[in-house]
2 protein chains.
Amino acid sequence: MPVAQGTTIDPARTRAAILEAATAILYERGIDGIGVAGLCTRIGVSKETLYRHFGSKDGLVQAVLESRSERLSGWLAEAVAAAGDDPADQLAAVFNALGEWYDRPGFRGCAMVNAAAQHHDEAVLAATERHLNRYLDLLTGIAARAGAVDPAGLGQQLLILVEGATVVAAHHGTAGAAAQARDAALVLLAASA
Amino acid sequence: MPVAQGTTIDPARTRAAILEAATAILYERGIDGIGVAGLCTRIGVSKETLYRHFGSKDGLVQAVLESRSERLSGWLAEAVAAAGDDPADQLAAVFNALGEWYDRPGFRGCAMVNAAAQHHDEAVLAATERHLNRYLDLLTGIAARAGAVDPAGLGQQLLILVEGATVVAAHHGTAGAAAQARDAALVLLAASA
DNA sequence: CCTAGATCGAACCGATCGGTACGATCTCAG
DNA sequence: CTGAGATCGTACCGATCGGTTCGATCTAGG
């Protein structure tokens, strides 16, 4: 039996569709910025269906954050992989990719950080920490390949630049934040060997 | 007539007391994390009094953010002023002060950025932008006094470090974020002359 | 063809939301 | 002492919240 077939009733597909639509809507409006009823209307699904798949609004939020974190960090990892062998090029690729993201219409900062900023429950905070750890792993890897004396420390500094650029781009103006963070990152990288 | 006298009924004092208490509570719980009724209970004031002084919950939030932004940026400006004439010392003083803040119990990141992260109304976004501009002015001034070739650009990079360190300290772990950002900032400052 | 189950739409639940109204109490200025 | 107004406590308002329930409809596997 194939995993899924056609355009028919298929719980897995329904779940995925809810997840994708909810990701966009909750990012746009904020987690507390729309109720479950309005969410279901915009998704085009009944409340019963949503609750059967995700149990609660918090459950949906959790799934949304996790999927978004994986997609985002995976996207950055691809940018690094496509940048060749030079760690400096890889690092520049990270910030160039971020710059693309910042310039996309509807950019509102990091969804995980936004969620953690005002939604204090355990699960959201844990998801945000996992997300930042994914970033940190990527950046520490670049630092290590560049032969930094303190790859862990440099990785943390690069993480600070990534998150800082995202916050500044979201709340102070997109223009140049990614490029400025990239230039700063390259200076730090060069100075750390 | 003195501005205010004694421990009696005094609208200005009442307003200030509400503002101070609400600042702490809304920072701790998040703007949407507590209702007006609960807020009034914890402050020790009636809803009518709160509404007479601030008009609406949004009005209170606005006043809270503005006062907090002024206090915070004023505190950093004092740290700079107390650091002597060397721009590098002044810059280090900024991040050392931030580190003190991060380590204080109850630290939850920047209140303005947290508010803007999920509360999309015009007034909150404007307050956050003003707040970041205050930071930017302070940092650009240091960059200029250090003789940077591009003080504005360096100022923006330093702002990215400040906000990045705040986000990382809040959501990924306090340890070392301020010191790492400070070291990065000093490298950038040294490389920019 | 028939049934198990996925989905819909709408009604419904108690709780809470932001905000208002009102009478009682208290403080101060004149 | 009196009156203006600041404050309190509480009740109240309509709206919305997250979540549940139920009958009707539709689909797909046997």
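We count from 1, first residue shown onward.
Cβ coordinates come from backbone N, Cα and C, glycine included.
Just so you know, TrEMBL annotations never went through curation; they're auto-generated.
Database features (TrEMBL):
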DNA_BIND  B:35-54  DNA-binding region
DOMAIN    B:12-72  domain 'HTH tetR-type'
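Listed by sequence, the residues of this chain that lie at least six past the ends of the DNA-binding region (B:35-54) yet keep a Cβ under 8 A from its Cβ atoms are 11, 14-15, 17-18, 21-22, 25-26, 60, 63.
Counted with DSSP, the domain 'HTH tetR-type' (B:12-72) comes out as 53 helix, 0 strand, 8 coil.
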